[in-house]
Amino acid sequence: NLTSVSEFFLLGLSDDPELQPLLWVLFLAMYLVTMLGNLLIILVVTSDPHLHNPMFFFLSNLSLADIGFVSTTVPKMIVNIQTHSRVISYVGCLTQMSIFILFGCMDCLLLSVMAYDRFVAICHPLYYTVIMNPRLCCSLVLVSFFLSLLDSQVHNLIVLQLTYFENVDISNFFCEPSQLLKLACSDPFTNNIVTYFDGAIFAFLPFLGIFFSYYKILSSILRIPSGRRYKAFSTCGSHLAVVCLFYGTGLGVYLNSTISESPRKGAVASVMYTVVTPMLNPFIYSLRNRHIKRTMWRFSSKIF
């Protein structure tokens, strides 16, 4: 029964009809909070000249990537619940998967770039303005974007080689790449090799860069007087919290998908890094950074 497909069915998080209105309200609320929080971060950074430095430049780009990341999956799920339809076309599925990987990879690379920025600021403070010049900052963001675009197209090419599928039911609320590969009828060995190699380059290597940066940062902090250690480490506390949240939830989803036999549990776990993490990032940075809190207070005072 091998047939080429023109559409897939997104099974979502639950089949219970009584639970659908609650899911609709919950995901709509989280989506609006995510959009509002990240747009507010971008608006605050661009409106205050005191925040025109590399750290907040990367933060605004991270918020922009989070907006694209969450907008790729959640609106489609909200529409599906509202219209009682779970159909997504083959082209739409590939498009959603490509954009999802693009912004997800952007998050990984920007977090590693921000770790490098904190490494230069703490370990080489006298050369910070020289090293992290505007040209380098823009180049790092552009390189992150083009590498993410390359990653998304690699996954796209892998799926385009799959002509036939055993099933059209995707046990998630979006077209997750691993789910599509599991449905393929072709030999998974080559696809797995390419996927693992791609993951090592675009996920594991950025994590190694973050780990190395914080190893150097911790070594430098331990050499300064104890009275100044908290002040030095507080400059990267928000970024470290976001890194732990993003990679922690991503690793949890990966372990859950390999250990758990229930695909629906994996779908529920994937909500953490696809929806919850982009929603919490603005709160983590705004609550822990006094510059952003002060600018937000001035901004809200002008409006109200």
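Quick reminder: no glycine exception, Cβ is built from N, Cα and C everywhere.
Just so you know, TrEMBL annotations are computer predictions that nobody has curated.
Sequence-remote contacts of a segment are chain residues at least 6 beyond its ends whose Cβ falls under 8 Å from one of its Cβ atoms, and for the transmembrane segment (22-44) they are 12-14, 51, 59-60, 63-64, 66-67, 70-71, 74-75, 77-78, 81-82, 275-276, 278-279, 281-283, 285-286, 292, 295-296, 299. As annotated by TrEMBL, transmembrane segment applies to 22-44 (among others).
Under the heading domain 'G-protein coupled receptors family 1 profile', TrEMBL lists 37-285.
Here TrEMBL flags 56-75 (among others) as transmembrane segment.
Among the features that TrEMBL reports, transmembrane segment is placed at 87-114 (among others).
The transmembrane segment feature in TrEMBL is assigned to 126-150 (among others).
According to TrEMBL, the transmembrane segment annotation covers 193-215 (among others).
Among the features that TrEMBL reports, transmembrane segment is placed at 236-255 (among others).
According to TrEMBL, the transmembrane segment annotation covers 267-287 (among others).
Contact check: the transmembrane segment (56-75) against the transmembrane segment (267-287) gives at least three Cβ pairs closer than 8 Å, residues 6 or more apart, which meets the contact criterion. For the transmembrane segment (236-255), the residues of the chain that approach it from at least six positions outside its boundaries are 107-108, 111, 114-115, 118, 122, 203, 207, 210, 214, 217, 266, 269-270, 272-273, 276-277, 280-281, 284-285, 288-289, judged by C-beta separation under 8 angstroms.
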